[in-house]
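**Q** First, the structure itself, so that you have it in front of you.
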Amino acid sequence: MCLFLLLFPYLASGQFLQTVKVGLLFSKDTASVMRAVGYRTSAAAVLVARDRIRAEHLLDQYDFNFTVKFDECTEGLAGGKTVELINHDNVDVIIGPTCNRAGIAVASLAAYYNVPVFQWGLTTAADIGNVSRYPTTVTLSLDTHSMALGVREVLRRFEWDEFVFIYSNDGDEEKCASMKDDLEKMGIENSDVTLAYMVQIQTVTLDALQKALTEVSKRGRIIIACFANGRGFKKAFVASTVLAGMSTDEYMYMFAEPQSRGFYVDEINGGEHYSWDDTDGNFVTGLTPEQIRDAYGKVLYICDNMGLPTTITPEFANFSSQLISRMTEQPFNCVQDCSNSTYKVPATYAGQLFDAFYAYGVALNRSLTQDPTRANLKNGSFVLSDIGMSFQGVGGGTVTLDDTGTRIVQVYMFALNTSLLPYLAASLVINGSEVEYTPFYKSEADLWSVRPLARPICGFSGLECPPDFVKEYLVYTIIAAVIVVLALLAGCAGLLYTMQMKRKEMERQDLLWQVPFIELQQVQSKSKAEASMHSFASGPSTSTKITVESRSETINFIFYYYQQDILAAMKHDLILQFDAEQKAEFRQMRNFDNDNLNKFIGLCLDGPQLFSLWRFCSRGSLSDVISKSSMQMDSFFMFSLIRDISNGLLFIHNSFLKCHGHLTSRCCLIDDRWQIKISGYGLKSVRTFENPKKEDLLWTPPENLRNENEERLPEGDIYSFGIICSEILTRSSAFDLENRKEKPDVIIYQVKKGGHNPMRPSLDTGETVEINPALLHLIRDCWTERPSERPSIEQVRGHLNGMRDGRKSNLMDHVFNMLETYASTLEEEVSDRTKELVEEKKKSDVLLYRMLPKMVADKLKLGQTVEPETFEQVTIFFSDVVQFTTLAGKCTPLQVVTLLNDLYTIFDGIIEQNDVYKVETIGDGYLCVSGLPHRNGNEHIRHIARMSLGFLSSLEFFRVQHLPSERINLRIGINCGSVVAGVVGLTMPRYCLFGDAVNTASRMESNGKPGKIHVTAEANQMLTQVVGGFRTESRGEVIIKGKGVMETYWLLGEQSRISVSAQAPREKTPEPPRRQSVRSISPIIEKMSEETQKGLYSAYKDFNNGNECVS
């Protein structure tokens, strides 16, 4: 029956399988290692691993034959059993042994025989992992060399540059000795960590432990300890720290060893408990578990995954159940010997045995794939030539071997949390000499309250610190303390003073931007009378400046004088209370100083409404200049305006304001030097409550049109900047509103709508100005739909600087050069125009001199006032056409004008022959004077007399064109006397005569006879006695209205000339008047007065002084 079972695999497959002989070395009855690697609780792991190998079809053509030997962890026995397995049993591979000394012996023999060996369990000596000495040995255990590297990384991580080591070989002669060797080697090979002191305890007792702790307290504060497992040594050590008074925050203890359960202790029945609850051992400390647990709070454990709390996964549970049950199978046949309940729990490192055998199966599969000959099964060098692998193990998570067969191990650092419960603090992956540290704690506060120092500040003896300065220099200390207190008081006083002064300074600065309304004086616009007072020499102005006096208030602004400066006060229809943050904003705004920012003066809070005050710019806004200025803009002029706006925006974007938020061309003001100054910035708290006009939204970016509550950003200013640039280049308003059919509402809706081709202004600049295409591209980038795609103001400035073409002149210089060029080109045209002007001026002067006396006209042209002038002796001449009303009734109006023009042309020719000034003609009335404005002595009477005689003689030959049969006759009156002459009126100014002599001359004409020259007694005396040469005849006494009875005369002619009227007209000799009373003669005088007043000449009486003013 047994033979059949042995032959069944071969019969089932139809062919005989090759056999791999496997030698197994175990420790069967050694009590110290039974729980970890005991034969009865671990050997069956090779059968479970064989099943996995078959399931993965790694060695389908091979079967395994197992030979079991027991070395009991002794090197002599292990060496002998190894020789038997190799020479007698002819095995292909040896799995084991499980202890250090036995493992070194087997590894040496395997290297000699070139047999592959896979060790596991407690083989932790670093020498076993030396590939150069033992090239055919693979160890799956965590060695002490790797553990030493992990300790060094932890020490470096917490800046501990020195440590001490306490260990004992009591109960385990191999583990701690190997750990000591590797720590010593690590301290020698690395300068960053030093092993300062080392103590070995021969027999572990409480006294020995306390003595050792007292000794090391003089050499170190970071203490690494190593003791045998399962005998209560570690708990006794921790308890000894309490008894020795060394469980304080000044110390840190570390257990760094392989095959450690950390803060857990295994129980025989498979369970576990905390180390401070361990009852194993004969140590009576007198301490409670709570005291010992508190001391464990100063302990760190560095060990493999055995330190983790036991977790039973389904895979491990299946492995554990098979491990115990299959010990009864071949080749172990452990039935009675394994029936004790002690052997019902798998050994601690049984999983490593599974991993070791499975790793061999993978390595053999690879070697047989390369060379399937039978001879290579036992060739250790060939089997391990491709040993590098990684797989999921049963005993320790992922198993990774490098190309030399050295396992890349992962160890863990465990600590107690604030609740004094174990937790995983960090992970350390050790690959050769490299260590990767991964912390799982949030901060070091999870590990300790204060990190311990490797060396106390005052040294281990406490004598390295300098002596207490206070005790040594008590007097000086007291003096220094007093000085410090006084200094602190002075500092506090200074701080309070500084704060007080700062508060006062803030209040002072607040007074600067809070302008009282009483200190503002409104600019008064000029009255109409003042506006009309222009001299004859003044001409129209061509300046582009805005005279603030021309208008004192607009819809949005009122202009005020403040401290001899003109301010523009922006109106805000609201009343607000400002908090400290807003006041700080106003203070900072008032301190702004930039060439392209309009100065913010402050706010007026106590006026009829809220005013924000800004400096007045004489040329108005950019919008005004574009819409009203006739000044020609070339490309450099436009570029300079755009550059000024970008400079102002750069300052705003880099200030605390971050953005303007409401930038329009109306905010861009222009000063005397044609420099743009941005106004209206800041005042966010004020603008929040204002409703902008539709026209002001034409510059608003689409994102703010869609959401009015969205915060204004610098990208929005860039959009507004692009709209303003389009206004400058096209020399039109935003979106060319005046020449569009759409209203602002429609345009704003289209901009808000957006889309693939959003609404934007035209950039058609015409052919008169050459614009850089790069500038047009920049403007289009500025108003792109997505804010994130718009350039920043720094980028805009960079692009503009690249377009300067090397020109560095400013705009004012450019304007001067442009005006100079313009002046030179117009020089010839001005010269021609000047010649024409001189000719026209001559014509104007001739006309003016005919209307006014030359002397008077010259004064008026110079803008001088013509003062009234008194002339003591002049001769006044009045004439009137007899029965002109009857004659005019026979003519049309045009014929009347023709008649008078023909007549006056003859008269004007006669006047030019004499020193006579023609004052005025009214209808058919004629007024002349001689002796003014140029005085001519007594010759004035001669010139008037000759002119009068000439008038009468010229009528003999004068004929009316349309009435040839009609004859014209004149009545002439002459008087001599004093008059006052002057210019009266602004519109159509006239040179007028004032005086009684004027009225008397008028009465002479009105009381005269047709064809006669009627003169007064004064004129007669001048004619006959003063100048002589004229013949006159007395008319007698005549009643003159306003004069009473006057004696008058007829001028008959000049003695040297033929008399115009040789004889006086015959009149009936009046009867002597009868005596009548004054009362009875009055009606007669009134009737005579009415008859003598007939005529078309009108005289105007001045009721204030009784003089006649003829105009």
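Even glycines carry a Cβ here, placed using N, Cα and C.
The signal peptide feature in Swiss-Prot is assigned to 1-14. Look at Swiss-Prot and you will find 15-473 tagged as topological domain 'Extracellular', backed by sequence analysis. Positions annotated as N-linked glycosylation site by Swiss-Prot, on the basis of sequence analysis: ASN65, ASN130, ASN318, ASN340, ASN365, ASN379. Residues or ranges marked as transmembrane segment in Swiss-Prot: 474-494. According to Swiss-Prot, the feature domain 'Protein kinase' maps to 482-817, an assignment based on sequence analysis. According to Swiss-Prot, the ATP binding site annotation covers LEU488, LEU489, ALA490, GLY491, CYS492, ALA493, GLY494, LEU495, LEU496, LYS545. Marked as region 'Disordered' by Swiss-Prot: 1061-1082. Here Swiss-Prot flags 1065-1074 as compositional bias 'Basic and acidic residues'.
Help me understand the surroundings of these features in the structure.
**A** Neighbour list (ASN65 (N-linked glycosylation site), Cβ cut-off 8 Å, at least 6 residues apart, same chain): THR19, VAL20, LYS21, VAL22, PRO331.
DSSP classifies ASN130 (N-linked glycosylation site) as coil under the three-state reduction.
Taken residue by residue with DSSP, ASN318 (N-linked glycosylation site) is part of a helix. The Cβ neighbour count for ASN318 (N-linked glycosylation site), using a 10 Å radius over every protein chain in view, is 12.
DSSP classifies ASN340 (N-linked glycosylation site) as coil under the three-state reduction.
Other Cβ atoms within 10 Å of the Cβ of ASN365 (N-linked glycosylation site), summed over all protein chains shown, number 17.
Under the DSSP three-state reduction, ASN379 (N-linked glycosylation site) is assigned to coil, being neither helix nor strand. Counting only same-chain residues at least 6 apart in sequence, those with a Cβ under 8 Å from the Cβ of ASN379 (N-linked glycosylation site) are ASN114, SER367.
Model confidence over the domain 'Protein kinase' (482-817) is summarised by a mean pLDDT of 83.
Residue environment of ALA490 (ATP binding site) contains 10 other Cβ atoms, counted within 10 Å of its Cβ in all protein chains.
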**Q** Taking just the CA atoms, what is the gap between ALA490 (ATP binding site) and ASN318 (N-linked glycosylation site) in Å?
**A** 80
**Q** Which residues, sitting 6 or more apart from GLY494 (ATP binding site) on the same chain, put a CB under 8 Å from its CB?
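**A** The answer is none.
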**Q** Could you state the CA-to-CA distance between CYS492 (ATP binding site) and ASN365 (N-linked glycosylation site) to the nearest Å?
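**A** A Cα-Cα distance of 84 Å.
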**Q** Using DSSP reduced to three states, classify ASN65 (N-linked glycosylation site) as helix, strand or coil.
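**A** The three-state answer is strand.
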**Q** Would you count the other CB atoms within 10 A of the CB of LEU496 (ATP binding site), including those on all shown protein chains?
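**A** Looking across every protein chain shown, the total is 10.
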**Q** Find the one among the glycosylation sites ASN130, ASN318, ASN340, ASN365 whose C-alpha lies closest to that of LEU488 (ATP binding site).
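**A** Checked the glycosylation sites ASN130, ASN318, ASN340, ASN365; minimum Cα distance to LEU488 (ATP binding site) goes to ASN130.
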**Q** Using C-alpha atoms, which one of the recorded positions ASN340, ASN365, LEU496 comes nearest to ASN130 (N-linked glycosylation site)?
**A** ASN365
**Q** What does the structure give for the C-alpha distance between ASN318 (N-linked glycosylation site) and ASN365 (N-linked glycosylation site)? Integer Å is fine.
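**A** Cα-Cα, rounded: 26 Å.
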**Q** State the count of C-beta atoms found within 10 angstroms of the C-beta of CYS492 (ATP binding site), not counting that atom itself.
**A** 10
**Q** Would you count the other C-beta atoms found within 10 angstroms of the C-beta of ASN130 (N-linked glycosylation site) for me?
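**A** For ASN130 (N-linked glycosylation site), the count of other Cβ atoms within 10 Å is 15.
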**Q** When a 10 Å sphere is centred on the Cβ of ASN340 (N-linked glycosylation site), how many other Cβ atoms does it contain?
**A** 9
